[in-house]
Amino acid sequence: MQITNKIHFRNIRGDIFGGLTAAVIALPMALAFGVASGAGAEAGLWGAVLVGFFAALFGGTPTLISEPTGPMTVVMTAVIAHFTASAATPEEGLAIAFTVVMMAGVFQIIFGSLKLGKYVTMMPYTVISGFMSGIGIILVILQLAPFLGQASPGGGVIGTLQNLPTLLSNIQPGETALALGTVAIIWFMPEKFKKVIPPQLVALVLGTVIAFFVFPPEVSDLRRIGEIRAGFPELVRPSFSPVEFQRMILDAAVLGMLGCIDALLTSVVADSLTRTEHNSNKELIGQGLGNLFSGLFGGIAGAGATMGTVVNIQSGGRTALSGLVRAFVLLVVILGAASLTATIPLAVLAGIAFKVGVDIIDWSFLKRAHEISPKGALIMYGVILLTVLVDLIVAVGVGVFVANVLTIERMSNLQSEKVQTVSDADDNIRLTTTEKRWLDEGQGRVLLFQLSGPMIFGVAKAIAREHNAMGDCDALVFDIGEVPHMGVTASLALENAIEEALDKERQVYIVGAAGQTRRRLEKLKLFKRVPPDKCLMSREEALKNAVLGIYPHLADGVTAPSSEMG
């Protein structure tokens with residue numbers, strides 16, 4: 001397997017332009033997410049460079065742009081807030097938080113190495129929509145304090161909501177005006193201009209220039225980013241807290257899993273735009289390496305970013321070279337122009353992050369979820385509430401569990417209709433003319449027990465119900481020829497029906513056992529109780545043998561009609 005991503009120079013012009021355009025979009029977003037996370041603008045920039053570089057170089061989606069994203073920032077905010085509060089010093093807490101980022105990267109590398117990529121996006125859409133919308137709401141709520149010109153209160157979402165009256169009573173008009181103006185520019189900028197220059201960059205530059213002249217740094221106490229240190233970052237030594245180690249593992253797992261989902265969903269978008277197919281397992285390894293190195297050098301966690309990826313593709317990017325160009329451009333900005341960011345108002349960055357939060361919310365599905373599926377809508381709303389008020393991992397776990405239970409119930413109900421007991425040819429089941437003849441000759445003493453389709457554990461109840469409803473008989477023909485897969489629970493229910501029939505000294509025939517179904521029954525040792533001459537591949541032959549076993553005199557002079565379907 002090729003170690004690096006797909007890189008060639010046949011599309012060098014498109015890749016360079018795509019990378020440059022993606023870098024222009026990434027700059028304001030990285031600054032905003034760095035500040036929003038609590039780690040600072042510098043951490044956001046280095047996260048954009050390092051995650052973007054290593055994910056592009058070693059990932060499995062050639063056009064994917066990786067950087068700090070809204071969902072990852074929400075989790076990072078909680079991680080940083082917790083460990084800076086619980087550690088002996090804020091610096092130690094920040095080191096632990098960056099260690100969690102490294103651990104999240106290791107988790108992603110493990111997920112990719114175990115080839116779990118294909119399972120990540122098999123989550124029900126109601127759950128994905130719910131937790132993404134919940135993350136969007138969290139990001140919006142967390143920006144309320146800086147949006148209103150004040151420092152964020154502790155306690156995350158709950159703390160912000162509890163302090164909302166205080167925040168509103170101490171509103172800073174100048175900073176709030178800058179934040180509102182930022183949102184207005186991004187929201188209402190004409191589409192024809194958006195295609196030329198990203199509205200986030202326009203809002204960042206205009207907001208900074210206006211603030212510089214209206215609120216001069218020398219005389220105003222307007223909150224700004226402050227100077228970002230030029231040069232390469234220092235290595236962050238991994239720091240572990242024995243008391244908090246369990247919390248570190250859990251946070252790293254959540255961050256890693258969210259990064260996997262975020263990246264692979266964006267990879268699917270990239271596939272649809274480029275008509276290619278990504279390598280999900282390779283992508284997870286690339287994302288993991290990106291987050292590992294980002295944490296190692298004091299950057300926040302990142303994942304595949306939909307906006308940057310789409311812009312990269314639309315600008316001509318087709319290989320991983322575009323992602324590498326983007327990372328190089330951002331590196332040049334950090335090393336050569338870091339001082340220019342010192343006067344950027346925090347309110348402008350809050351406005352950018354606020355708009356990202358609004359965009360993350362799945363408005364399209366929220367508006368029509370109740371029309372598509374009331375149960376699905378309830379799952380989505382439940383996941384949103386749990387994400388916002390409890391915990392992301394709890395929200396996803398509960399959402400997936402409930403969605404799967406409902407799906408299993410629907411599948412079981414559909415498959416239960418394919419569990420039938422037939423006593424005569426008048427029953428609603430397709431039989432050949434010969435099979436109908438033999439079933440009629442059985443005079444109700446021979447029953448055909450037919451199963452078809454995959455038999456999951458939810459069908460066990462239907463098998464037991466049909467078996468219990470059987471009338472008195474002398475022979476049972478179990479037809480499983482149309483069962484491609486049989487789960488453990490369903491096979492045990494079938495075993496129980498066969499064992500009970502044998503205990504009552506009834507003749508038992510098994511028809512059509514093949515493939516996985518046969519192997520399952522062999523493991524249950526059923527074929528030791530049902531002799532080979534009664535394990536047949538032909539339903540007609542099984543019915544004939546069952547009838548003749550009860551009425552041997554019918555063997556004399558019996559003529560078998562043709563076998564066309566009735």
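From the backbone N, Cα and C atoms, a Cβ is placed for every residue, glycine too.
Keep in mind the model is a prediction, meaning the values are calculated, not measured.
Quick look at what Swiss-Prot lists:
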- Thr69, Ala305: hydrogencarbonate binding site (BINDING)
- Asp262, Thr266, Gly304, Thr306: Na(+) binding site (BINDING)
- 436-546: domain 'STAS' (DOMAIN)
- 1-15: topological domain 'Cytoplasmic' (TOPO_DOM)
- 37-42: topological domain 'Periplasmic' (TOPO_DOM)
- 86-93: topological domain 'Periplasmic' (TOPO_DOM)
- 115-126: topological domain 'Cytoplasmic' (TOPO_DOM)
- 148-169: topological domain 'Periplasmic' (TOPO_DOM)
- 191-196: topological domain 'Cytoplasmic' (TOPO_DOM)
- 218-247: topological domain 'Periplasmic' (TOPO_DOM)
- 269-318: topological domain 'Cytoplasmic' (TOPO_DOM)
- 362-371: topological domain 'Cytoplasmic' (TOPO_DOM)
- 415-566: topological domain 'Cytoplasmic' (TOPO_DOM)
- 16-36: transmembrane segment (TRANSMEM)
- 43-63: transmembrane segment (TRANSMEM)
- 65-85: transmembrane segment (TRANSMEM)
- 94-114: transmembrane segment (TRANSMEM)
- 127-147: transmembrane segment (TRANSMEM)
- 170-190: transmembrane segment (TRANSMEM)
- 197-217: transmembrane segment (TRANSMEM)
- 248-268: transmembrane segment (TRANSMEM)
- 319-339: transmembrane segment (TRANSMEM)
- 341-361: transmembrane segment (TRANSMEM)
- 372-392: transmembrane segment (TRANSMEM)
- 394-414: transmembrane segment (TRANSMEM)
Na(+) site, defined by Asp262, Thr266, Gly304, Thr306: further same-chain residues with Cβ within 8 Å of the Cβ centre: Leu64, Ser66, Thr69, Ala263, Leu264, Leu265, Ser267, Val269, Ala303, Ala305, Thr309
Range from 43-63, 94-114, 170-190 with the greatest count of C-beta pairs under 8 A to the transmembrane segment (127-147): 170-190
Selection from 16-36, 43-63, 94-114, 170-190, the stretch that has most Cβ pairs under 8 A to the transmembrane segment (341-361): 170-190
Per DSSP, three-state class assigned to Gly304 (Na(+) binding site): strand
Distant-in-sequence neighbours of the topological domain 'Cytoplasmic' (1-15), which means Cβ under 8 A and at least six residues beyond its ends: 56-62, 282, 286, 315-325
Nearest-integer angstrom distance between the alpha carbons (Cα) of Asp262 (Na(+) binding site) and Thr69 (hydrogencarbonate binding site): 9
Gly304 (Na(+) binding site) and Thr69 (hydrogencarbonate binding site), distance between Cα atoms, whole Å: 8
Region pair the transmembrane segment (94-114) / the transmembrane segment (248-268), three or more CB pairs under 8 Å: yes
C-beta crowding around Gly304 (Na(+) binding site), within 10 angstroms: 31
Cβ neighbour count (within 10 Å, all chains shown) around Thr69 (hydrogencarbonate binding site): 29
Across the topological domain 'Periplasmic' (86-93), average pLDDT on the 0 to 100 scale: 91
